Amino acid sequence: MSDLGRVLRADARRTALVFAVPILALAGVATAWQATLAGLPGVAYWDNTVVALASAVRLLGPCAAALAAWVAVREHRLDYLRGLTPRSPAIGPLLDLMLLTGVALAAYGVVALVTVCDTLLREGAGRPHPLGIVAGAAALAPHVVLGYLCGRIAPFPMVVLPVAGAAGLWTALRGGGWWSLLPPAAIRPVELFTGLRTRVLADQTLWALGLAATLTLAYVWTLTRRRTLAVPLAVAVAVTAISTVRLEASGGSAVVPAPIDHVCREWPLTVCVHPALRPALPALDAAMTPLAARLAGTPGAFSRVEQRPVGEPARIWRGVAYIRVPDLSPGFEWRAVRELRASLIDAQSCAEPHRRHGAAYRGLVDAWLLDERAPEMFDAETARRFGSWSERERRLWLRLNYADYRRCTLVRQSFGG
Amino acid sequence: MIVENSTVVARGLAVRRAGRWLLRPATFGVRAGVVGLAGPAKTGKSTLLATLATLRRPHSGSLEILGFDIGDNTSLRSIRARIGFLPEHFSWAANLTVGQFVAYAAYYKCVPGDRVRAVLERMELADTTSMELSLLPPDVRLRVGLAATCVHGPDLVLLDEPLAGLDERATAEITALLPTLAPTVLVTAEDSAALGRCDQLFTVTRGRLVETSRAPDAACAGGRDRV
């Protein structure tokens, strides 16, 4: 083993960095897992893998900063050996930073590996974002450097707490706007039909690396006063400034609409969804088919179901039912059917007070359309009569009375009373 | 008094810390040999020693060490290559062995690995090379600190209270070792009597540094049998 290797190993042992990796990795995996669950339940989407990693960095960053401050305080006590050296006076701090960055990256690597494997095992949709993973790793660098420098400037054990607190506040207090895109970025779960902006990820990477390089070079300059550092320092400052301006210009949005090709199931209905929801096809088909059959022959008839982005309303238009399925949490198919059924009615007309009775009759029909139990209503005789009809009779009746059903203008006579 | 070839030459040197004068402006020279710096606790001896070790900047005045001005950055590296400094409560790594610790110092002092074995033998530590520092008694741990401080064969060694807490036998052994460490060894202690006989003795009280006269033939115990 080389002399440098022996020194690095001694530093790693002295500062217990070997134990730091599993602890940081465990905390990071737990955070990423929580972010995955909070994102799109049941949906494996590569963009949200990056979001989960960004969430992990929001915890790992302050932890790495606190660790770096603690190591700096410990290593400060060895300045009588490391400072009085014919080598560059920056060699000790740079070796520390190298070790600490290695530790943070090793922990992040474990988190990234677990998260990526999880997405792969669940056949994640979309496309992988290597740049997103790099951006998360880069965001750790300024944390490590800043924490370490704080420990060098104020070499007291108590400095660890304010460092962790300040890093935590920086992470927690940037709720919105373009500030939230500065690493460690606060990115909301990416909805389906949208994707992360590659440019934002690139700017975040440059910002983090630029800031880490600026701080490191400035500190090395204070130790060595070498004029040759001026050029790389200026470049690092420029990179940080330019990436800041570009992030500000992004308007605080990390996602853009991402057109995709649906995946479809052709029988008995044609149901098309986002590729991330491929497992949902059988359930959606099974839930939508009865409704489609009952609406056949009416203006609300449809023979194709197509998933749309969450921001668009559910509706039926020219034989196509556009539905919303934000995630695959239990009961997603019935929520989609209810939304579609709700889109059938004229909300404005039904909201009028004198259509109260019409709305009650409509509820009777709704229960049949959704295969639900008929509600208690004031006109028990009509409810009994409607309940006694066969499926075929009800479908014929709906074709004749669809307009009244839609506008909530049904009366007792509509049911032959 | 400054004489020709003084190892340390300070002119108007002043050291302040937290708004308090630890050393009021003083002009003095440190000659070759074992030099004592005595004074009560918390009078700034450690800070003055750290200043002479170039780890702190003086508040005012000029300081030349081994013929180099510490104000010149290019000189600073040359000075540091020839200095050894051991603070009072020197940090060691409890889980490192003696050999690993001295090798760690050797890397920063830019000396090859075979010098480690040589300095350990010189300090009579060859048998303890593979022992962890936390398992060693204080006097042996001090010897390890001295080995790490002197692994590069410095011209000036600065030792802050090395004898504090040692028993009589260990004090005698370490005192005998001091003149062998470097041409100039500056040692601090609360009581000048603890330093034995020195070639030059300073006392610091209330921020004032005074060179105390000694018998002209005075020499530290153990003589000047420098290796």
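Glycine is no exception: its Cβ is also placed from the backbone N, Cα and C atoms.
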TrEMBL tags one of A:20-38, A:229-247 as transmembrane segment - which one?
A:229-247
Counting a contact as 3 or more Cβ pairs under 8 Å, with residues at least 6 apart in sequence, do the transmembrane segment (A:156-173) and the transmembrane segment (A:50-73) touch?
yes
By a Cβ-Cβ criterion of under 8 Å, what residues six or more beyond either terminus of the transmembrane segment (A:128-149) are in contact with it?
46-47, 49-50, 53-54, 56-57, 60-62, 64-69, 71-72, 93, 96-97, 100-101, 104-105, 108-109, 112, 116, 163, 167, 183-185, 196, 198, 201-202, 204-205, 208-209, 211-212, 215-216, 219
Six or more residues beyond either end and a Cβ under 8 Å away: which residues meet both conditions relative to the transmembrane segment (A:205-222)?
90, 93-94, 97, 131, 134-135, 138-142, 144-146, 149, 152, 182-183, 229-230, 232-233, 236-240, 242-244, 247
